[in-house]
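According to TrEMBL, the protein carries these features:
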BINDING   ALA9, SER10, MET11, ASN12, ALA13, GLY14, LYS15, SER16, ASP87, GLU88, ALA89, GLN90  ATP binding site
ACT_SITE  GLU88  active site, proton acceptor
BINDING   CYS145, CYS147, CYS182, HIS185  Zn(2+) binding site
BINDING   TYR178  substrate binding site
Amino acid sequence: MAKLYFYYASMNAGKSTTLLQADFNYRERGMETMLWTASLDDRYGAGQITSRIGLLAEAHKFDPDSDLWAAVEAENAERPLACVLVDEAQFLSRDQVLDLARLADEANIPVLCYGLRTDFAANLFPGSAALLGLADALVELKAVCECGRKATMNLRVDERGRAVVEGAQTEIGGNDRYVAMCRRHFMEKRRVAAEAPREVGADA
Ligand SMILES: Nc1ncnc2c1ncn2[C@@H]1O[C@H](COP(=O)(O)OP(=O)(O)O)[C@@H](O)[C@H]1O
Ligand SMILES: Cc1cn([C@H]2C[C@H](O)[C@@H](COP(=O)(O)O)O2)c(=O)[nH]c1=O
Ligand SMILES: [Zn+2]
C-alpha cells in the first residue's frame, strides 16, 4: 500500500535538495513523477523547486484553491505516476493534505511531502499540523545551529540581523530573513529582541 510521507525540518536543512534527489532516483529508473510547490514561494521564480546547492526542477504550483486530487488523478491517467513530490508543504491546507492521503490510500500513489514544521514564532503551519496528524511516516531532516546543536527552529530577522518577534505567519524569504537555530538560541534571541527598548520613530 502506498504511503504519505512528511519530511520536516527547519530552513536550510536540505529539504529541497532531498526532494530533487528522490525525484532523480525515480526518473533514472524510468519512472514518472509529478512535482509540486507553493505558488506563493516565488524566491526563484514561481513553479520552480530550487535547492541552495544549485539543483532545480520545474514543478506544478499549488495555491489554496488547487484541487490536488483531480490534478494528480488526471496526470496519472496520462502517465502512471510512481510518486508525487510536494515542496513547501507547510503551505498546504488541511483539505489538500486529506486529498494527498486519499491519493496514497485510494489511487495507491506514494506522496512525499517536504516542509517546515513551525514558523518564526514556533507555531505549526496549517499544512504541517495536518501532515503531522495524518502522515504514515514522519522523517526529520537536520540543519545545524551556530552552536553545533540540531537547528529545529526558524528565527526571523530584520535587515540588521535582529530577531523579529511579531508579524504575519507567511513572509517569503531566504537566508536574508531567516536563520535556523536550536531552541535554546532561538528563545534567547527572541527574548533579547522582546526586551530591547523600541527605537524612537520605529513606527513612523
Ligand atoms: N555551495 C554549496 N555546496 C554544498 N552545500 C551547500 C551549498 N550551499 C548550501 N549548501 C547546503 O545546502 C543545504 C540547504 O539545502 P536546501 O535544499 O536549499 O534546504 P531547505 O530546502 O531545507 O531550505 C544546507 O545544508 C547548506 O549548508
Ligand atoms: C519560518 C518561516 C518561513 N516562511 C517562508 C520562508 C521561505 O519562503 C519558506 C521556507 O523555505 P525553505 O528554505 O524551502 O524551507 O517559508 C514563512 O513564510 N514564515 C515563517 O515563519
Ligand atoms: Zn544553538
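Note: Cβ is positioned from N, Cα and C throughout, glycine not excepted.
Automatic prediction, not curation, is the source of TrEMBL annotations.
What you see is a predicted model, and the numbers here were worked out from it, not measured in a lab.
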Checklist line | Protein Cβ atoms within 10 Å of ASP87 (ATP binding site), excluding its own | finding: 28
Next item on the list: Check the binding-site residues LYS15, ALA89, CYS147 for any whose Cβ is under 6 angstroms from an atom of ligand 1, and report them in sequence order.
Entry: LYS15
Check: In Å, rounded, how far does the Cα of MET11 (ATP binding site) sit from the Cα of HIS185 (Zn(2+) binding site)?
Finding: 15
Checklist line | From recorded positions LYS15, GLU88, TYR178, the one whose Cα lies nearest CYS145 (Zn(2+) binding site) | finding: TYR178
Notebook entry, point to check: Tell me, by DSSP, whether HIS185 (Zn(2+) binding site) is helix, strand or coil?
Noted result: helix
Next item on the list: For TYR178 (substrate binding site), just count the other CB atoms lying within 10 A of its CB, please.
Entry: 21
Next item on the list: Counting other Cβ atoms within 10 Å, pick out the least crowded of the binding-site residues ALA9, CYS145, CYS147.
Entry: CYS147
Item checked: For ATP: widest Cα to Cα gap among ALA9, SER10, MET11, ASN12, ALA13, GLY14, LYS15, SER16, ASP87, GLU88, ALA89, GLN90 in Å -> 15
